[in-house]
Amino acid sequence: MTTASTSQVRQNYHQDSEAAINRQINLELYASYVYLSMSYYFDRDDVALKNFAKYFLHQSHEEREHAEKLMKLQNQRGGRIFLQDIKKPDCDDWESGLNAMECALHLEKNVNQSLLELHKLATDKNDPHLCDFLETHYLNEQVKAIKELGDHVTNLRKMGAPESGLAEYLFDKHTLGDSDNES
């Protein structure tokens, strides 16, 4: 493996921040991979909840875009991208829409915690550019995603999921199906 050359554009970009960005890239790609797994689980003929599938596919694409945005930042700041292996999702069988939404909520909270730690590191290293980048592109979006998933979990539970298959079918049709009109 060749060693990375020194960047001529690097300024006020700490090595710890560079390493943390690379870890965040991996986490965002992992989240994308998990959502992709969820999407194609709900697309199976024996599950057949197409709006759950669409919802999670959209989330997968969004997480991949987050990783790409961080990669672009890494290059702009003069850092070097070092990709790691992406861990396999913990599940292959997501069991139910409720279980998948609960797992997604847990995942988004983990991503958010990692972003908060990255922001703290940027603050500690006196890197206002990285702080601004995270505040502008990530932190508020994470809070919104966590709230949306929390609402979905609450509504699925209120409807009697996962015991009631009808609950998940109706949620798929009327809640996630409606999201097509809002996007």
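Note that Cβ sites are derived from N, Cα and C of the backbone, with glycine treated the same way.
According to Swiss-Prot, the protein carries these features:
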BINDING   Glu28, Glu63, His66  Fe cation 1 binding site
BINDING   Glu63, Glu108, Gln142  Fe cation 2 binding site
DOMAIN    11-160  domain 'Ferritin-like diiron'
MOD_RES   Met1  N-acetylmethionine
MOD_RES   Thr2  N-acetylthreonine
MOD_RES   Ser179  phosphoserine
MOD_RES   Ser183  phosphoserine
Other CB atoms, at most 10 A from the CB of His66 (Fe cation 1 binding site): 23
Cβ-based neighbourhood (8 Å from the centroid) of the Fe cation 1 site, residues Glu28, Glu63, His66 excluded: Leu27, Leu29, Ala31, Ser32, Glu62, Arg64, Glu65, Ala67, Leu70, Val111
Residues of the domain 'Ferritin-like diiron' (11-160) by DSSP state, where helix covers H, G and I: 114 helix, 0 strand, 36 coil
